[in-house]
């Protein structure tokens with residue numbers, strides 16, 4: 001198993017990734033308006049998230065409206081919702097499992113059980129990172145396609161918001177953390193299997209008895 005320091009580093013990366021994924025899921029700025037229509041004089045910026053749309057006015061007021069209808073949402077928004085929630089669940093499960101499997105903790109019992117728990121936590125972290133990465137990449141692709149579409153008015157074009165960058169960085173942190181946990185278990189198990197079986201040393205009395213029996217065979 002990897003050293004306790006390396007596992008602790010991976011756990012810190014995982015905690016940062018979990019916090020980032022949860023923050024990105026709840027933030028309303030997955031995309032923001034590039035240019036607000038000139039008729040809306042009081043509006044500064046309009047934000048669009050997975051769960052709500054918000055508008056920030058020049059007066060300092062900030063109003064948000066929840067997206068109650070699920071079927072009316074675009075397919076990439078529905079997919080982003082599902083994959084980000086899945087990433088949050090998997091990363092939380094990975095935190096619980098990897099805590100048991102860490103070398104610096106006294107949970108989990110014997111080394112073999114801790115190794116399996118560490119590997120399971122790493123798989124959860126990697127799966128959560130992939131889920132978050134799918135959400136951010138797909139959502140960004142739709143924003144860029146809409147931005148490059150010449151038929152779309154300038155007022156309806158958007159650019160990626162801060163939540164997408166947070167989600168992308170968090171996905172990388174979770175994936176790296178999962179690789180560390182999984183690699184620590186893969187390196188350990190083959191060494192345990194390749195260890196030669198220990199043989200008890202033969203005493204001098206046994207050697208003398210064996211030699212006596214061999215001499216009697218020739219008499």
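The backbone N, Cα and C atoms fix where each Cβ goes, and this holds for glycine too.
As the structure is a computational prediction, the values presented were derived from the model and not from experiment.
These come from Swiss-Prot:
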- 200-213: compositional bias 'Polar residues' (COMPBIAS)
- 193-219: region 'Disordered' (REGION)
- 1-7: topological domain 'Cytoplasmic' (TOPO_DOM)
- 29-81: topological domain 'Extracellular' (TOPO_DOM)
- 103-118: topological domain 'Cytoplasmic' (TOPO_DOM)
- 140-160: topological domain 'Extracellular' (TOPO_DOM)
- 182-219: topological domain 'Cytoplasmic' (TOPO_DOM)
- 8-28: transmembrane segment (TRANSMEM)
- 82-102: transmembrane segment (TRANSMEM)
- 119-139: transmembrane segment (TRANSMEM)
- 161-181: transmembrane segment (TRANSMEM)
Predicted model, mean pLDDT over the topological domain 'Cytoplasmic' (182-219): 53
The topological domain 'Extracellular' (29-81): DSSP-derived helix, strand, coil residue counts: 7 helix, 20 strand, 26 coil
